[in-house]
Amino acid sequence: MSENQNPRTDASNEVTVAPEAGNAVVHADRFPDPGVPEHKHRLTDTDPKAAKRAERTVTLLFVLSILGTVGSIVAYVLVPPDGTTAGVRLSTLLIGLGLALSLLGIGVAGIHWAKTLMGDREFVQERHTLATQGEARETAIRDMNEGLEDSGVIGRRGVLKGAFFGALALFPLAIAVPLIGSVGGDWNISKFKHTMWQRGTRLAIDPSGRPIKAADVTVGSVFHVVPETTEEFRETHEWITEKSKAVVLMVRLNPEDLRTDQSPEGETWSHEGIVAYSKICTHVGCPVALYEQQTHHLLCPCHQSTFDIADSAKVVFGPANRRLPQLPITVDDEGYLVAQDDFAEPIGPSFWERLK
Amino acid sequence: MAQQQRPTTRVGKAADYLDQRTSIGALVNQLARKVFPDHWSFMLGEIALFSFVVLIASGFFLTMFFEPSMALVRFEGEHPAAMQGQLMSAAFRSTVEMSFEVRGGLLMRQIHHWAALIFVGSIVLHMFRIFFTGAFRKPREVNWLVGALMLVLALAAGFSGYSLPDDVLSGNGLRIIDGVVKSIPLIGSYLSFLVFGGEFPGEHIIPRLFTLHIFVIPGLLIALIALHLFLMVLQKHTQYPGGGRTDRNVVGYPALPVYVAKMTGNFFIIAGVLTLMGATMAINNVWNYGPYDPSPVSAGTQPDWYILFVDGALRLMPGPGWEWVIGGYTLSMNLLIPAVVVPGILFTLLFAWPFVEARVTGDRGEHHVLDRPRNRPVRTAMGVALFVAFMVCALAATNDLIATHFSLSIFAITWVLRVLLIVGPVLAFWVTKRVCLGLQRKDRELVLHGHESGRIVRFANGEYVEVHTPLDEQERWLRVSYESPAPLEIAPLTDSRGVRRAGYRSERRWQRLSRFFYEDRVEPVTPAELEAAHAAHAHGRHAQVERPAAAVGAGTERPPQERA
Ligand code: HEM
Ligand code: FES
């Protein structure tokens, strides 16, 4: 079937064909195609002096490119980075400028050459219908059918067909199963629900790891807190992964400013105005960090979710839906701040099994 | 067969040697003088192609020095001073050392990053060109799909590369991805484990992303680019409308030498400009951010531009009330809508557009002459509306910067942008459609009455008339040679014997969509109409002082943007 049958969408085909094709059809309700506009000569086509000038410009540009390459190598040898940021920048700048000149020289020369000296006459070529035509098409269809018939799958041998496609569809499983089995580690997603915090874990300053005495926390001050642990553990991957869940932001408010926190009836999760909340935003998990003293608002820099520290860290603005979980704290016999327990709910962004 | 002539020149001999072993002559026959139409907008695809080449070249340099490992090491070097003695991943250390100790290393890193930004940018602009000119119509739907797939891959390439240095910014980017992945119902938690090989961040993600970034994604891109260009050559390039350009021919310059020279020139210019950017404009100086640590984060840092719209959508979505608990399971609509549903719809629309448009147009013909955007008002308006939505979201990703720069309240800005996200695209659609229809009417006006010449003529009776100069036939052709499809006609619900037709309802739905597309339209001027206009002029003594056509061609004030 020829595809040019639709008169409404393809009428322009019928209206005209370039004069070269020589079979213009003119419809009464259609203007005739005026044909390709007349060719206009450039200055360089008619004036040998202009052509010579263009040639010199192109040559000069190529020479500039060579100079750029040389300059870049000279910079490489003579201006090694001395290690300081300024030194690195200077070396980068000089090598880069040389390379850029070397590339731009070739590029601009090529374009100028093409525009001024190469032929600028437009050519008209025929398009061929993309669909295979005539005998070739018939042959192709016949070959396909014969091939299919030879294979004997047409109409008969349903079981064979089923087994064939079944085998093809299933074999990747033998690769996929071992891959998927291992690619997710232990697949233990209940880890999302627990952190390193335990009853009695001391609150320590991030990044030094020094435990914090309640007496050292002045009103209005903000602490970035991690669980206290050994120096060796702090140099492992497990630490980074645990820290990703366990980081806490601790603030001391005037006890009368602290309207509510998340402690249930009969428990106290704060200590004399000191409250500790998970630092992992309940939106998509950025560390929340910007604390404003006057308003007691804690802002997440990623998408501006804002939490009110004086009021259970509830969401006051932004795309987060849930308050930041509170870390229940108290002090031990030596006056150090310690956790009463792990967080009461999973920290960070929501996931399907969060409440299961 | 007659003895073939032996080549005498060196090039000739080399060509002969090759041809005797490969019959490459046949290929040269086909390609050497193949004609390519020329237009500045055809450069956009080339810019994408050439930035990709620059990415491969500079990327190779980087792989020589980058260490894709999360093993924890201490920074022993002297510079930069702030890094001394810090614990960091080998990936981060190798990035810093490559910047400070390898000569040209920082240059290559910066070129690579700039090239990535320009790559995605030029792909998007290229896609807009294809969209607004209707170059995706038959037979190029397949190439549109190949292109759309490459857009997805380009985004994946950008994001995987951004994450490799393992600095604070890239780690936080990954953490946001982790949060979004976890929000996916049923499988989200397992997907997160799958990506990170355990809990975030673990110790596998950098090597995994490295394999994707330097092997899988570029490999696929190279294969798809080859297919993309093969199809482009096979189907021959489209051309803008104009005298002598039809759906059955192609008018332009021969591949050898002009097109090849220009392409080569363009490659070097693009590579040169990217190098200049890399040499002079600092980008992603990771030693200022420090190695990844889950605790610190800095305000006012933005992701690469092509991620902005998702980031902005995440910011605009209100949180409270949008987390639903169903049967004890948690469904975070406040994440799913902006980060999964909206981009999902966007990309589905992208992939489906050529097929939807062909269906509502009832169009099965091949198209090789491009549309002027004004001649397809609804398509153009849809494109602009989507673009506006994209821009509002991208702007939202900078709401904190806007707030601090103009000392406005972030709450107010967010609310304004939320409203704008709904109203903006609708308004943009309406305005664009009106503008297109207006331009089409202007075209009719020009064809019927000519350009205003600014020359006033006074008649004997004292009447003043401005002289209009008629269009020369090239310009007239540009303004009349388009199709203005009408909405689909469908057969009635019941046939002549009163029997209900199956499939009527679906046809009816398509018809409704078709009306949305083509209800408002402006038909091109016909010769008969022009004739009538002339007659009216002569009759009403609207004297048209005709000037010779040559003079018109030289001196008319043709607005430049109208010349497609
Ligand atoms: C990796 C990214 C891409 C590269 C390197 C690339 C490259 C190119 C080049 C060099 C051309 C010929 C010149 C031109 O018309 O601009 C072209 C044509 C084309 N591209 Fe792309 N492109 C990319 C992505 C896309 C995307 C995202 C789409 C659409 C979704 C697309 C659709 C097309 C179509 C339909 C043509 C034929 C245009 C015509 O003949 O008028 N491409 N591409
Ligand atoms: S991660 Fe905190 S607002 Fe999005």
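Cβ coordinates are placed from backbone N, Cα and C, and glycine is handled just like the others.
The domain 'Rieske' feature in TrEMBL is assigned to A:245-338.
Per TrEMBL, the feature transmembrane segment maps to A:58-79 (among others).
Sequence-remote contacts of a segment are chain residues at least 6 beyond its ends whose Cβ falls under 8 Å from one of its Cβ atoms, and for the transmembrane segment (A:91-114) they are 54, 57-58, 61-76, 79-81. Taken from TrEMBL, the feature transmembrane segment covers A:91-114 (among others).
Beyond the ends of the transmembrane segment (A:163-184), by six or more residues, the same chain brings no residue to a C-beta distance below 8 angstroms of the stretch. What TrEMBL lists as transmembrane segment is A:163-184 (among others).
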Any residues 6+ beyond the ends of the transmembrane segment (A:58-79) with a Cβ under 8 Å from its own?
90-91, 94-106, 108-109, 112-113, 116-117
Model confidence over the domain 'Rieske' (A:245-338), averaged pLDDT
94
DSSP helix/strand/coil residue counts for the domain 'Rieske' (A:245-338):
2 helix, 35 strand, 57 coil
